[in-house]
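Student: Below you'll find the structure I mean.
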Amino acid sequence: MNNLLCCALVFLDISIKWTTQETFPPKYLHYDEETSHQLLCDKCPPGTYLKQHCTAKWKTVCAPCPDHYYTDSWHTSDECLYCSPVCKELQYVKQECNRTHNRVCECKEGRYLEIEFCLKHRSCPPGFGVVQAGTPERNTVCKRCPDGFFSNETSSKAPCRKHTNCSVFGLLLTQKGNATHDNICSGNSESTQKCGIDVTLCEEAFFRFAVPTKFTPNWLSVLVDNLPGTKVNAESVERIKRQHSSQEQTFQLLKLWKHQNKDQDIVKKIIQDIDLCENSVQRHIGHANLTFEQLRSLMESLPGKKVGAEDIEKTIKACKPSDQILKLLSLWRIKNGDQDTLKGLMHALKHSKTYHFPKTVTQSLKKTIRFLHSFTMYKLYQKLFLEMIGNQVQSVKISCL
């Protein structure tokens, strides 16, 4: 008899638990003194507290939590929990307190929580790469670079990189790499030409200068007819009109014209004259010897489609340090349908704090943008443009500036 009673009680307990867990809203058992019965009452939802248990006649009464108090689950408590008052040192408020959530604090970028303190993420030394990036809750995990990989920098983000395959770039292996440095390649001068940039920053600024602020209906046709050298054919002009906005058409036309006439004296003269601009840009940017991780951060900060790690690797191998930023900016422009590189750079500078650029790099990029927009360069662009198209369309361009 006792065994039968025990089984019945266990079954009843399981049935009640199943009922209270599976129904919605969730239920709880409450003994009602007035009727001397166990009642199945509704629990209170998140953001409220239990004001009055249910009765045989009335449902459970719940009331909203007051300011600075919360409950984050269905419950039977007659009071709300007090929100955490402040975040710890080196933390920021990820989510403010409200009636359904406690204040959520998180360590600032580059730090993680260890007991009560936000400690700086570990930086992996040369010869070691990041295998698990640090998070606000976890430290960086480093591991020694395996055979065929290397890391030549101290970084909390950079993984080990694969040794350069010299033969891919038409070069010879002169010194085998190890865990702390890459393979060293050498080759003839022809191999160094692989860092070619189709349109430099100065040329792009010059070509975009040629875009009139006010368009005449036949501006592109006038420009096509008056450009010296080999003419851009009608089919190409129509394709440019179909595929690009009015603001982009002039840039695309001049870019194509330059490619078709690269051996013409007029193009060579323009390139020579614009060397003044190129030398100044090199003075601003060329000295910035950035690591792989810093170059990747710069590319990540640009809007639109990103230049990937593989392209950055190839650029580091094919270009000398002074040309690497310019080459990557050229790749970004091509990848994004010839978007304005200077506008992309200005976007990157607005978000430079997020990506932790070195101060010297930020200053160099700002100086470059100011220089390319300066009155001195404006006068040079105007002079070159009028020399290029001759006197026949001077009045058209000048009226549009």
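The first residue you see is number 1, and the count goes up from there.
Using the three backbone atoms N, Cα and C, a Cβ is placed for every residue, glycine included.
Quick paste of what Swiss-Prot says about this protein:
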CARBOHYD  Asn98  N-linked glycosylation site
CARBOHYD  Asn152  N-linked glycosylation site
CARBOHYD  Asn165  N-linked glycosylation site
CARBOHYD  Asn178  N-linked glycosylation site
CARBOHYD  Asn289  N-linked glycosylation site
REPEAT    24-62  repeat 'TNFR-Cys 1'
REPEAT    65-105  repeat 'TNFR-Cys 2'
REPEAT    107-142  repeat 'TNFR-Cys 3'
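Situate these features within the shown structure.
Tutor: Following the DSSP three-state reduction, the secondary structure of Asn98 (N-linked glycosylation site) is strand. In the structure as shown, the Cβ atom of Asn98 (N-linked glycosylation site) sits within 10 Å of 16 other Cβ atoms.
According to its DSSP assignment, Asn152 (N-linked glycosylation site) is coil. Of all Cβ atoms in the protein chains displayed, 17 besides its own lie within 10 Å of the Cβ of Asn152 (N-linked glycosylation site).
Applying an 8 A CB threshold to same-chain residues 6+ apart, the list for Asn165 (N-linked glycosylation site) reads Asn183. Under the DSSP three-state reduction, Asn165 (N-linked glycosylation site) is assigned to coil, being neither helix nor strand.
Within the same chain, the residues at least 6 positions away from Asn178 (N-linked glycosylation site) whose Cβ sits under 8 Å from its Cβ are Phe150, listed in sequence order.
Under DSSP, Asn289 (N-linked glycosylation site) is assigned to coil, being neither helix nor strand in the three-state scheme. Counting only same-chain residues at least 6 apart in sequence, those with a Cβ under 8 Å from the Cβ of Asn289 (N-linked glycosylation site) are Pro321.
Broken down with DSSP, the repeat 'TNFR-Cys 1' (24-62) shows 0 helix, 20 strand, 19 coil.
Taking Cβ pairs closer than 8 Å, the repeat 'TNFR-Cys 2' (65-105) reaches residues 25-26, 28, 43-51, 111, 113, 116-118 in its own chain, all 6 or more past its ends.
Same-chain neighbours of the repeat 'TNFR-Cys 3' (107-142): 88-92, 149-161, 179-180, 356, counting only residues six or more beyond its ends whose CB sits under 8 Å from a CB of the stretch.
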Student: Per DSSP, what is the helix/strand/coil residue tally across the repeat 'TNFR-Cys 3' (107-142)?
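Tutor: Taking the repeat 'TNFR-Cys 3' (107-142) as a whole: 0 helix, 19 strand, 17 coil.
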Student: By DSSP, how many residues in the repeat 'TNFR-Cys 2' (65-105) are helix, how many strand, and how many coil?
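Tutor: Helix, strand and coil residues of the repeat 'TNFR-Cys 2' (65-105) number 0 helix, 14 strand, 27 coil.
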Student: At the level of the C-alpha atoms, what whole-angstrom distance separates Asn98 (N-linked glycosylation site) and Asn152 (N-linked glycosylation site)?
Tutor: 47
